[in-house]
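Undergrad: Among the features that TrEMBL reports, active site is placed at Glu16, Ser188, Ser322. Here TrEMBL flags Lys139, 180-182, 188-189, 218-225, 310-311 as ATP binding site. What TrEMBL records for 143-344 is domain 'ATP-grasp'. Look at TrEMBL and you will find Asp298, Glu311 tagged as Mg(2+) 1 binding site. The Mg(2+) 2 binding site annotation in TrEMBL covers Glu311, Asn313. Summarising the annotation, TrEMBL assigns region 'Disordered' to 353-390.
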Amino acid sequence: MKRLKIAVLFGGCSTEYPVSLQSAYSVITNLDPARYDPVLLGITREGDWKKYSGPPEAIIQDKWNQPQYCVPAFLTPSRSLHGFVSFRDGLSTTEKIDVAFPVLHGKNGEDGTLQGLLSMAGIPCVGCGVLSSALCMDKDAAHRLVQLAGISVPRSVALTKELPKAELLKAVEVLHFPLFIKPVKSGSSFGITKADKPDMLFDAVHSAFQFDNKVLIEEAVDGFEVGCAVLGNDALTVGEVDEIELSHGFFDYTEKYTLKTSKIHMPARIDAETASRIKKTAQIIYLALDCSGFARVDMFLTPDRKIVFNEVNTIPGFTSHSRYPSMMKGIGMDFKQIIDQLIRLAIENENRQSAPAGYRKRKSDSGKSLSPDALRTKRKRPQIRTAGLL
């Protein structure tokens with residue numbers, strides 16, 4: 001059997017660069033060598049693309065960008081080339097790839113930009129597409145769409161520029177402290193500050209604007225955070241629900257990757273009926289935001305068992321001990337099986353996208369071709385209804 005050539009993309013000029021290196025190492029070392037031929041494309045913090053041929057261990061140590069391991073390279077949008085170009089000793093080499101596996105977190109990785117390039121090239125891409133990646137990266141846009149799907153969201157105010165203190169306090173007078181101030185397009189809790197009282201607000205907003213040109217000021221939700229792993233394009237597989245237990249503060253970058261004062265319970269310490277509602281809500285959110293491949297849907301559960309949307313991570317942390325693989329392990333799917341499914345789903349999704357308009361042939365579980373009408377009913381969208389403004 002011919003092995004599929006899988007381009008694993010890692011690094012990137014994002015604040016989440018170190019997280020990407022950890023996730024990429026786990027993906028690379030869990031690709032089945034009998035089925036896959038990995039090609040490693042690293043992106044430096046400065047945005048330079050390199051084809052990397054060194055040991056995976058150098059990636060996790062951030063020692064991968066060495067002349068003996070790397071040559072300049074870039075993905076080409078040309079559909080006829082269907083791959084990337086690398087350069088060595090003044091000569092260029094074109095290499096075709098079957099599937100791209102982005103393990104890039106945050107800006108220029110999971111915000112739709114890379115997905116757009118891969119879509120232009122006709123290269124199957126693991127994970128969400130252009131639209132869903134962009135929507136999920138924008139916390140304000142995601143909240144508005146999810147609310148229209150009938151799911152509760154935190155009350156919030158969005159800012160596109162810094163305001164004088166008096167105007168800022170006026171803008172948030174409809175909200176109740178404590179507040180969370182968040183860069184709209186930032187991951188791993190970078191730039192997020194909790195303001196317990198008004199005199200903390202101005203500096204928190206200024207800090208958030210260092211990470212993005214749009215800031216979301218959001219009411220804190222009384223309760224705790226729960227997460228749900230979702231896998232699939234049409235028929236969705238949902239992992240176990242997990243729960244984040246905090247001793248103080250919030251789940252910031254340090255806590256996410258050290259768990260110094262917090263603990264993740266998998267499965268969550270909740271009753272079966274509540275877990276079922278969380279899983280159903282996660283699927284509604286996943287479909288409302290047009291997700292495909294995989295994503296982790298994060299929500300809050302209040303003391304009266306109300307579910308409130310938080311955010312969707314379209315490329316969640318992907319080490320063997322990260323939350324997403326742990327939730328899928330809870331339903332019997334190991335890390336290698338997740339990778340196999342993601343690659344299969346990427347090819348399936350690209351085949352549908354590139355099929356002639358008006359007729360996309362797809363096989364059902366029985367092996368029979370499905371009509372366009374059957375395809376439309378296979379992936380049920382949530383009914384959108386107006387639920388008020390933020």
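Backbone N, Cα and C define each Cβ position, glycine as well.
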Undergrad: What subset of the recorded positions Phe224, Asp298, Ser322 lies within 10 angstroms of Asn313 (Mg(2+) 2 binding site) at the C-alpha level?
TA: Asp298
Undergrad: Where does Asn310 (ATP binding site) sit by DSSP, helix, strand or coil?
TA: strand
Undergrad: Measuring Cα to Cα, tell me the gap between Asp298 (Mg(2+) 1 binding site) and Glu218 (ATP binding site) in whole angstrom.
TA: 15
Undergrad: For Lys139 (ATP binding site), just give me the three-state DSSP call.
TA: helix
Undergrad: Using DSSP and three states only, what is Phe224 (ATP binding site)?
TA: strand
Undergrad: Of all the binding-site residues given, Ile181, Ala220, which has the fewest Cβ neighbours within 10 Å once its own Cβ is left out?
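TA: Ala220, out of the binding-site residues Ile181, Ala220, has the fewest neighbouring Cβ atoms within 10 Å.
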Undergrad: Does Glu218 (ATP binding site) have same-chain partners at least 6 apart in sequence with Cβ under 8 Å from its own Cβ, and which are they?
TA: Pro154, Arg155, Ser156, Leu175, Leu179, Phe180, Ile181, Lys182
Undergrad: Any idea what DSSP makes of Glu16 (active site), helix, strand or coil?
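TA: Assignment for Glu16 (active site) reads coil.
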Undergrad: Considering only the recorded positions Glu16, Asn310, Glu311, which residue has the minimal Cα-Cα separation from Ser322 (active site)?
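TA: Nearest in space to Ser322 (active site), counting only the recorded positions, is Glu16.
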Undergrad: Closest of the binding-site residues to Glu16 (active site), Cα to Cα, picking from Ala220, Asp222, Phe224, Glu311?
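TA: Checked the binding-site residues Ala220, Asp222, Phe224, Glu311; minimum Cα distance to Glu16 (active site) goes to Glu311.
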